[in-house]
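A short write-up of the structure that comes next.
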Amino acid sequence: MSVSEDTQQLLTEIKRLREELAIKEKHLHDLQTEPCNCKYLENNDFTTDEIIRYSRQMIMPQVQIDGQARLKRGKILIIGAGGLGCPAALYLTSAGVGEITLVDYDEVELSNLHRQILHSENDINIPKVQSASDKLKNINNNVRVIPLKVHADSNTLSRIIQDDKYDVVLDCSDNVATRYLVNDVCVMNDIPLVSGSALQMEGQLTVYHHNSGPCYRCLFPVPPPPHTVTNCGDGGVLGPIPGVIGVLQALEALKILVQLPDVLSGRLLLFDGSTTTFRNIKLRPRNEKCEVCGVNPTITKLIDYEQFCGASAHDKVVNIDIITFAEQTDVKDFPQDLQNNIVIDVRPELEYKMCSLPGTFNFPYSLIIKDCDKVRKFVESKVQDGVTDIYFLCRRGNDSQRAMLYMKENINFEAVQYHNIKGGLHAYSKYIDPSFPVY
Amino acid sequence: MPVTVNILFFAQARELAGKSEAEFTIETPIAYSDLVKRIVDEFSLTELQDHLILALNSDWVWDQEILNLKPADEIAVIPPLSGG
């Protein structure tokens, strides 16, 4: 039996065993949580086990049995089951919120695991909402967890909001278009929105549309130009950064449900992990001229948010095709002879240091367009050595096209042909050698 | 009269400015729009100029405001962060 057949058989068996385990656990839970009418409890909303489980928060004067009952009646909608959604959902489930709906269209990838703490190695390629809800049910089966594997857009989200009455929404998404969408949905349905975001070493947190506070559009009426927005896939993020922000989103949601004062509305929390500092910025009040939450709103129905932002409502990179067909080289024709051909890898230096193909040269795209003298001299010397073909390479084959076009316009040698390795290192890993890491 | 204030950069502003804080000498009093223009010109933030919050000593700055700056005041430049 080959290794892959072996792996496949094991995966299938593990899946079957998991399903069997889930059925038995559900059965056990049902037996253990049958209504007890316990004569010691004044409030029959809770079982003996629930009192024990939540006792550490219920004995706080801020929560008490009434606060816990509010949590149990509470319904929360979480948009995104990633770096923010995982820790947020974890604490909300543990705290005993009645119902938690998770919305995410994506599947678990290996590169998610350093920060998306509900997913494990065995969950690769399964829907994030499924993986997350399995773990959450294991932690607290009293909570009704509803996984919705769907892309949040104007149509799907209005249906989801109409189907249930949510007390709080958590924006744990990863892109600008979804942030405007979720904001407008919350304003139109009068639901407080706990909004968190994280990138690299920084996080932001605030609560929109709560107690007459401002909404996202009051602060940022115009979306930023797409090219100024960095996503986690390109900029990177250190796991505990969304961890901190996601946990604080859970805290604010619990405060709203329990009806505690001093919710983070009208204030913006800035977390800087590089210096481990928190700052609270006092925000403006609601903008009476706001297009969605103002006195005379002009946006009263959901719009096309991808069009509004000029960007897709996800954080995946959209591949470009800006050079001619003849200039594209299939990765299967990757040059073997690196004497007469040279390969220029245009990724940032730190990515090149992390992993690279032997015999290639690193000239980052950002440096090529800033100062092309270095690469010009390099190419000149290679041309003198008899090089006739120069191949451009990067992570996905996009920046390499940009670099190639720039070189064509600015550093053209008659004796040299420029080529782009189509699909970049992702394609190399897929078609040539899977041991090259896809990141 | 010129004063020297501290500018703090967050998120994309930090990336474009290439630093997380800077001292900056500027005239006072100054109108919000002039302050934004001086900062975005000085620190290569033109692309973000319509997409940021300015906070003076942690308080929101209104777009019609005339600011009376004092030495060592902190001005935070905050564009939205959208990753997650």
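Along the chain as shown, residues are numbered 1 onward.
Yeah, the Cβs are placed from backbone N, Cα and C, and that goes for glycine too.
TrEMBL assigns the feature coiled coil to residues A:7-34, out of the candidate ranges A:7-34, A:119-146. Together with A:Asp104, A:Ser111, A:Asn112, A:Leu113, A:His114, A:Arg115, A:Lys128, A:Asp174, A:Asn175, the ATP site in TrEMBL holds one more listed residue from A:Gly83, A:Gly96, A:Gly196, which is A:Gly83.
Taking the C-alpha positions, the distance from A:Ser111 (ATP binding site) to A:Cys232 (active site, glycyl thioester intermediate) comes to 11 Å. Same-chain residues lying 6 or more positions outside the coiled coil (A:7-34) and placing a CB less than 8 Å from one of its CB atoms are 1, 47, 49, 122, 134, 137-138, 141-142. Cβ neighbour count for A:Cys394 (active site, cysteine persulfide intermediate): 25 (other Cβ atoms within 10 Å of its Cβ, all protein chains included). Candidate recorded positions A:Leu113, A:Arg115, A:Cys232, A:Cys290 yield A:Cys232 as lying near chain B, with Cβ-Cβ distance under 8 angstroms. The closest partner of A:Cys293 (Zn(2+) binding site) among the recorded positions, by CA position, is A:Asp174; the full candidate set was A:Gly83, A:Leu113, A:Arg115, A:Asp174, A:Cys394.
Within 10 Å (C-alpha to C-alpha) of A:Asp174 (ATP binding site) lies none of the recorded positions A:Cys215, A:Cys218, A:Cys290, A:Cys394. Using Cα positions, the member of the recorded positions A:Gly83, A:Leu113, A:Cys215, A:Cys218, A:Cys394 nearest to A:Cys232 (active site, glycyl thioester intermediate) is identified as A:Gly83.
Taken residue by residue with DSSP, A:Ser111 (ATP binding site) is part of a helix.
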